[in-house]
Each structure stands twice: as C-alpha cells, then as structure tokens.
Amino acid sequence: MERGAGGSSNERQAVLKWFSQFRNGSNPWMARYVYGLIFLAANLLAWTVRDYGRGALTEMERLKNCKGGHDCLGAEGVLRVSLGCFVFYFLMFLSTAGTSKVYESRDSWHSGWWSAKVVLWIALTVIPFLIPSSFIQLYGEIAHFGAGVFLLIQLISVISFITWLNDCCQSDKNAERCHIHVMLIATVAYVISIVGIIMMYIWYTPEPSCLLNIFFITWTLVLLQLMTSVSLHPKVNAGFLTPGIMGLYVVFICWCAIRSEPAGESCNRKAEASHRTDWLTIISFIVALLAMVIATFSTGIDSKCFQFRKDDSPTEDEDDVPYGYGFFHFVFATGAMYFAMLLIGWNTHHAMKKWTIDVGWTSTWVRIVNEWLAVCVYIWMLVAPIILKHRHASGSVV
C-alpha cells in the first residue's frame, strides 16, 4: 500500500510539474498541441458557419457588412473565419521568427501567455465579420496563392521524409539489418499502388467515354514507372523504396482528385452517394478534416527539410529551440488559407453541399497538378546531385 501511495504521489507531482511548465511557458513541445487545437477549432467554426450558419448565427443578419447574413455565411463566412485564423498565426510568425534559444522572451511568448492568445484569437475571429465584403473577396483570391504555398511546403516535407528514410536504411550502419524490411515495404507499396490503379479503373471508368479519368489514371501509372526507372538508373541508384512510397503518395492524390469531381458526373458513380447525407459521408468528412489538421501540424515541425545549407557535423546546444517557431506558425498561417479553399472547393463563389469537403472541378485540377508537381520535385531531388556534380566537374576542368 505504501508503494502504491508513493507511486501515486510521484505521478501527481509529475503531472503538476508538467502543468506548471506549460503554464509558465517553458514547454514548447506541449505548446504545439495547443496551437493545433486552436487550428482545429477554427476549422470546425468555419465548417459550422458554412453548413449551419443560417440557423445558428441569425444575429449576423443585423451586422451592416453582412447584408442580411448573405455575406457572412456560406463560402464568404468560411473566408472570414480563415482570415482571422491567418492573421493570428501570421502575427505569431512575425513575433517568433528567428528564435534560437529557449528562455528568451520570444520563447516564453510562443510557449505561454495562453489567456492572452486565446482572447487575441477570438477577437481576430470576430473582427473579419465587420469587414466589407469586397476586402474578403480580395483575401479569397490571395488565399489561392497561400494555399498553393502550403501544398508546396507539405510536398517538400513528404519527399524529404521519404528520402531521409531511404538514406537511413541504406546507411552502412543499417544496410544489412534493414535489407529485408526495405524489400518488404517496397513490395507492399508497389502492390498497393497497382491494386489502387486497377480499382480506380473499375470504379471511375465505367464507360469508354470517360476519357479524362482514363487519362488521369493512366498517366499516374506512367509516372510510377518513370519514378522507378529514374531511381534505378545506375547513376542514381536510389533503390525501390523511395519510388514505391512515392507511388503510394501519387496514387492517393489521383484518387482524391477523381473523388473531388462534382456529383452527377456519369464517370464518378461514387459521387452519387454525396446527394444524401449518411454516416459514411459524415465519417469521410471528419476523417478528411482531421487529416488536414494533422498534416498541417506534422509539416509545421519539419523546418529542417528547408535548410538548404546543412553542416556535416551539426552541433546542438541544450538551450536551442526544439523546432523552428517561425516556420511552425508560417505553416499554420498558410494552412488557414488551405482549409478555406478545401471548404469552398477552391472557388469563392462555389456553393458546397453539407458534409462535403474539397469538391468541384477546380479541386480536381488542383490535386492533379499537385500530383504532377510531386513527381517533378521527387525526380529533381534524385538527379540534382548528379547534374550539379557534373557542372562542378566541368567548371573545374575549365
């Protein structure tokens, strides 16, 4: 009993110490979760304004700039919530960029002062509903660019992780131990990719006239073959692992792109189910929303993949910040624009159905272009060292 009581007391002390660090602004690892929760709350608020604002936010009809609620609900309501979220994280970016050491004033601001920051976020969420509609439309156009920046950052982060995993498995230390695991993972990735392509042919090309979907799926297969060929080239010799995982990634993007085609298209029978709201539709929406928040969160702490100059033997002090605060908030700022584009289908004048996300021809083409860009960036990361080395050798000879 004494041991049990002692263990319980130690656990309580550990919890109290943890909350004390969090409250006093000395726990940056916990702080990122709070920022993620704020971001999730903004997403849920934007969705509520879009789908249920007409009944729940009747007081907005009295606001001068809402014109009877028309300009503060639906797609424009999403943009107003997004604007407040963007300004909040952009201010955090400006106030924390360049922080290098813990226990600085900017570190304390990033990891603490939660009451002030919650009040600031609420105020910045309310203020956009007092702004004229013309300014919100301008922000909507700018948000297209910001969302594209977010997709590019996320893309580089994913490819950087894949190449890091491959380098780690091919290192002298882990090469023999990871050989079987690498082959197993690569084989599973290729099998899933091929099965996914076959299933897309079955689901989304029911008629020979579905030329656009046939093109999307076939070109994805061609890109998979292209990535594998480049990776296995003798001068590159990157193996099967990275093109296999990248194949999974591009097949998933292609599937999301075709799923984004509007309901009613004869080549997308799966979209017909979106005319009715069932549990599958609701679960799909929740999963997509959470996936977007998690993607923003994970990308925000991956600032090292954007360090173009990397030292061979980097040294880290104990008082260095654990991740780039400025980059973290910048990703969330662009993510605020990105979730707005998903909820309005990348079209500021697009009326979205309830419980849908990222639907419309604009969404489809954004994802397709993102897939092609992913392959281009991946291939460039494979061949760039060879091209730069060849140019350097040529310059040295001259």
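Backbone N, Cα and C atoms are what each Cβ position is placed from, and that goes for glycine too.
These features come from TrEMBL:
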type	residues	note
TRANSMEM	33-52	transmembrane segment
TRANSMEM	73-92	transmembrane segment
TRANSMEM	112-131	transmembrane segment
TRANSMEM	143-165	transmembrane segment
TRANSMEM	180-204	transmembrane segment
TRANSMEM	211-232	transmembrane segment
TRANSMEM	238-258	transmembrane segment
TRANSMEM	279-301	transmembrane segment
TRANSMEM	321-344	transmembrane segment
TRANSMEM	365-388	transmembrane segment
Taking contact to mean three or more C-beta pairs under 8 angstroms, with sequence separation of 6 or more, is the transmembrane segment (180-204) in contact with the transmembrane segment (238-258)?
-> yes
What stretch, picked from 73-92, 112-131, 238-258, has the most CB pairs under 8 A with the transmembrane segment (143-165)?
-> 238-258
Would you kindly check 112-131, 238-258, 321-344, 365-388 and say which stretch has the most C-beta pairs under 8 angstroms to the transmembrane segment (211-232)?
-> 238-258
Tertiary contacts of the transmembrane segment (365-388), defined by C-beta under 8 angstroms and 6+ residue spacing from its ends, are 151-152, 155-156, 158-159, 162-163, 216, 220, 223, 226-227, 230-231, 235-236, 238, 242, 246, 249-250, 253-254, 256-257, 260, 341, 346, 358
